[in-house]
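The structure appears below as C-alpha cells.
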Amino acid sequence: MPLYSELPTNINTVDIIIAGVIEAGSNNHGDPTIVTPLLFLFHGAPGSKTMTLHKGKKSEFLSNRELTETYHGDDPKDIHGHDGPVQITRGTYTSLRSENAFVAAAEKLGWKEYEDLSDLVSNNGVQRAKRYISADGKRQDAAHSYLHPRLQDDKHPNLHVVVDSQVIRVLFEGKKASGVTYQPKEGASRTIKARKTVVLSCGTCGTPPVLERSGIGKLEVLERAGIAPVSEVPGVGEGYEDHHSVSCAFKSSLEPDETIDGLVNGTLDVPSMLEKGDKMLGWNCLDVSCKLRPTQSDIATLGADFQRIWNQNFEDDLSKPLTMMSLGNGGSMHITGPELSDPVDFDPGFFSDAEGFDVKTCRWAYKKQRELARRMSTYRGEATPCHPPFPADSEARCIETDGPLAPDITDIKYTAEDDTVIDQWLREKVASTWHSLGTCKMLPLEKNGVVDANLNVHGVTGLKIADMSISPTNLAGHTNHTAMVIGEKAADIIVKELGRI
C-alpha cells in the first residue's frame, strides 16, 4: 500500500504534488476514534459538527455537488446524489425524546419542521439531522471516503500518500511551480519535484502560510518574515471568515442513556460497546439542525444599523438564514518568519465590525435558543456557568425547575443592561466552529483575490489551490460538503487540463 511516513528515497519526481496528500497527521485508517462518531467528539476539532449535513443556498453551489454523496432519505426535488462515496443517513442512534421536544418547541415559536433543510431552498425552520454517518454507524471523513479505498484497491499504483509530514514551501523555477520541500516528523527535510502541477490543499489556516513561505503574498508580510518575493498577491491570508460558535447548556430530565454523560464521566464501557457494535457509537449527539431568520419585531429591537444591513443583505433573499451567516469584518493570518516553527500572526476578526452586526446577531440567537429550550418538555433550567452572568434581580437570570414550564409562558424581557451583559459574555466566549474559509479567495487580483476560476494562483504557473480558503464569501451552511465539492471540481479541472478526458 503506497502510504508512507517516510517516502522511499527512489521517489523524487511525480506528475502532481498535492499538499494535503502530504499530510501532517498520522495514518488514520480504521482508527476507532476517527471512524466512530461518538468517540470522535473528543478530538476537539472539528467535533460533531463535521458529521451534520448542512448545504447552503442554491446560488452558492457548484454544479457537481451531488457527486460527493449517497443520500439516504426522501429526495422529491432530485437535488441530492445517490452514488457518491459519502454516505448521508440519520445515523444509528438518536436521543428521540430530546429531539421530539426540540421540534415541538420550535413549532410553538413558529418554526416549522422540514424533511430536508438542505434542499437549497427551504429555510427558517428545523430538521431532524441527517449526518455524515453510514448506515452501519461509520463516520464519513474525506480520507476514508476518498483516499483509503484507492490506496487499497490495487488500481492506483502511482498514488503515494505521505503522512506525518508538513509542507514547508513550494519551489519555483522562475514563475513556474516545480515542487515542494516538506518536513517529515523525524529526520531532515525533503524535496520532491513535480513534472506538471502543484496543488495546495492545506486548508484555510494552512494554505496561506505555505504560500507566504514560498514567496507569494503581500510584500510587507514577506519582507517582515525575511522571504524573497516570487509574486505579489496581497490577498493571501486576508479575509478570514468563520461561523461563530457559542455554546449554552441546559439542565434536563433526560436519562443517562439519552445523553453522552457516561462517555464524559467514564462510566461507559467503550471497549465492550465497540466489541458489540453498540448503536450509540454511531451518534454524534446532534439530533436537530435549524436555519432561522428574525421577525420584523426582532429586527426592530436590534437598532438602525442592524436594520440597514439586514435590508441590504437578507430581507429580500428568503434563502439566507441569519444564524449561519457572518457579515462582519474578516480576519487575517500571516507568517512571522520563514520556518514551520515560527508563530502565525492570526486575527480571527470576530465581532470587529463597527456596526456590531455580528455580535447583535449572536445576541438574538442566544435569546431565541433560550426561548426554544424553555419550551422543551425536557427543560429543567439553565446550567448557570454556561450562560451570561445576569444580575440576581434580572428577569433573565438562570433558574432551576422540577418540571417543564407552563405551556403559556411568555418570552423573557431583557433590559438594556442585560443586553450589555450578553454582548460582553459573547465576546469572551465566542469561538471557531472550524468552518474557516476565505483566506485565498477566488477573485480577480485587483479585488484581493488569490486564485482564478480554474484555481490557478495569480502571478505564477503550475500552482493551484483546492480547499475552503478559495471561497470568496461566507456560506449559509456547513462547509464540510462544500470542501468536498471543491475537491470534486478541482479534480475535474486538473484531469481536463492534463488531457485525461
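Yeah, the Cβs are placed from backbone N, Cα and C, and that goes for glycine too.
TrEMBL entries are annotated by machine, without manual review.
Around the Cβ of V167 (FAD binding site), a 10 Å sphere holds 28 further Cβ atoms from the protein chains shown. The FAD binding site feature in TrEMBL is assigned to V167, W434, H435.
Note on the domain 'Glucose-methanol-choline oxidoreductase N-terminal' (203-217): residues 19-20, 167-172, 225, 227-234, 236-237, 240, 333-335, 338, 344, 346, 436-440, 450, 457, 459-460, 465, 467-469 of its chain, located 6 or more positions outside it, place their CB under 8 angstroms from a CB of the stretch. What TrEMBL lists as domain 'Glucose-methanol-choline oxidoreductase N-terminal' is 203-217.
Annotation comment: TrEMBL describes C285 as substrate binding site. Around the Cβ of C285 (substrate binding site), 19 further Cβ atoms fall within 10 Å across all displayed protein chains.
Residues or ranges marked as active site, proton donor by TrEMBL: H435. In the three-state DSSP scheme, H435 (FAD binding site) falls into the coil class.
Residues or ranges marked as active site, proton acceptor in TrEMBL: H478. Residue environment of H478 (active site, proton acceptor) contains 24 other Cβ atoms, counted within 10 Å of its Cβ in all protein chains. In the three-state DSSP reading, H478 (active site, proton acceptor) counts as coil.
There are 19 other CB atoms within 10 A of the CB of W434 (FAD binding site), with all protein chains counted. The two recorded residues, H478 (active site, proton acceptor) and H435 (FAD binding site), show a Cα separation of 7 Å. In this model, the domain 'Glucose-methanol-choline oxidoreductase N-terminal' (203-217) carries an average pLDDT of 98. In this record, FAD is bound by V167, W434, H435; the longest C-alpha to C-alpha distance in that set is 22 Å. Taking H, G and I as helix, E and B as strand and the rest as coil, DSSP gives the domain 'Glucose-methanol-choline oxidoreductase N-terminal' (203-217) the counts 7 helix, 2 strand, 6 coil.
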